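**Q** These came from TrEMBL, pasted as-is:
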{"type": "DOMAIN", "residues": "138-435", "note": "domain 'Peptidase S8/S53'"}
{"type": "ACT_SITE", "residues": "ASP145", "note": "active site, charge relay system"}
{"type": "ACT_SITE", "residues": "HIS192", "note": "active site, charge relay system"}
{"type": "ACT_SITE", "residues": "SER404", "note": "active site, charge relay system"}
Amino acid sequence: MNIFKKYFLIMLSIILLVSFVPNNIEAKEREYYSVLIKDNADFNAIVNKLNKEDQKVVYSIPEVKLIQIEGEKAKVISTIGSESIDEINQSNEGIKTYAANINDEKILGNESIWDIQWDMRRITHNGESYKLHSPSGKVSVALIDSGYPENHPDFKSISMGKSKNLVPKGGYKGNEPAETGNIDQLTDLTGHGTGVLSQINADGLMKGVAPGIPVNLYRVFGKSSADTTWIIKGIIEAAKDENDVINISAGSYLLKNGKYSDDSDNNSSEIKAYKKAINYANKKGSIVVSALGNDSINLNNNSELLDFLNNQIKDKGRTAIGTVENIPAQLANVISVASTGPDKEISSYSNYGKNTIDFTAPGGDIKLLNKFGTDVWMRDEMFKKEAILVAHPQGEYYYNFGNSLATPKVSGALALVIDKYGYKNKPNKAISHLRRNSNADNEIDLYKALQE
């Protein structure tokens, strides 16, 4: 129990919808900029010109005409030409996992697992949904996350043939020397991706919602940080690889319009690029599914969103004015997911709002933790009543909670519905099918969905 308590107290600091705070560092002479190029401009010619002019192209996504550049803003603009620029702003600070050290001691060994998976038992009707459909292998889920567990027995039979690493050499802003940029560098260094993956197709002592569904991994997190451009790239690559569902258990609070107090620009270039990527995926027949966030924010209330963002950046002496959105979950053509607890109500930590939630699924709760405190909650093992069991990269399991664990359940359910009912390249039919077979608060019911 002492080992568990040590580990879980670390895990309490994790925000499983990986929250994001825009870059708060004062501008330097050379900084990272995100530049969205106009559709009528020659993208490749601009990239070549930038490289020749010592404006380092760090990352580029030709499908949405987004370039990330390390350089001087004035020179970047003059090199590209303002007539070719749709939007330019200082690149965002990375999306961070805040995962516990994966080298820490494990929590659970090879004991009975299914009996303590209250979440899976609920939405599968105690496993009865597994009997209703065996995956054909022709429908797949893309997981845009932190990597793959190399040695977990519950994933031994999983094929991830189209998986690829999208973290460039040097990692986030060149500060991760262990990142080689090799396309096959897929190892999960944070544990977040493994936990999310386990909710989809774990098939061993632990069961995911859709054992046997192929998952392709698009690694966008190094050991600690990711970049927004890498996630956008992940959406594009996942759609190009013909994945039917794209799972994003991460998100960003981005300033849609307005400015920061230091006169730095809003995040319009990334938001527009996200929209382009999601529309690209939608046209390819892919469904993008994203977590709503774990910050108890009413997403209909911009004052709450703005207050939250400003609270995050106040220690840098900076404030924001404008409209804030939770991206990509609040964008059009994205299926947004919120978490429910063991009482089937929206989790106390989950973001919420009228017309902002498409589906809910069990992601655990912290109501008992808040009521009784950590010591009693640990002593009486209340975590088993409200937290979610997830896989650990080094082969075992632990408890956690968050919208990150609800979202993959919806992704896996959509994949099964597409596979069983022939909805490939018919995303709206798959979404409608799952919705009409959902329960109160739009919580998915996989047994009902596969029995129709």
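Here the Cβ of each residue, glycine as well, is placed from N, Cα and C on the backbone.
I'd like to know what surrounds each of these features in this structure.
**A** The DSSP secondary structure for ASP145 (active site, charge relay system) is strand. Cβ neighbours within 10 Å of ASP145 (active site, charge relay system), excluding its own Cβ and spanning all shown chains: 30.
Secondary structure at HIS192 (active site, charge relay system), as computed by DSSP, is helix.
In this view, SER404 (active site, charge relay system) is surrounded by 33 other Cβ atoms within 10 Å of its Cβ, with every protein chain counted.
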**Q** Quick one: pull the CA-CA distance for ASP145 (active site, charge relay system) versus HIS192 (active site, charge relay system), whole Å only.
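**A** With distance taken Cα to Cα, HIS192 (active site, charge relay system) is 7 Å from ASP145 (active site, charge relay system).
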**Q** How many other Cβ atoms sit within 10 Å of the Cβ of HIS192 (active site, charge relay system)?
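**A** For HIS192 (active site, charge relay system), the 10 Å Cβ neighbour count is 28.
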**Q** In whole Å, how far does the CA atom of HIS192 (active site, charge relay system) lie from that of SER404 (active site, charge relay system)?
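**A** Pair distance, Cα basis, whole Å: 9 Å.
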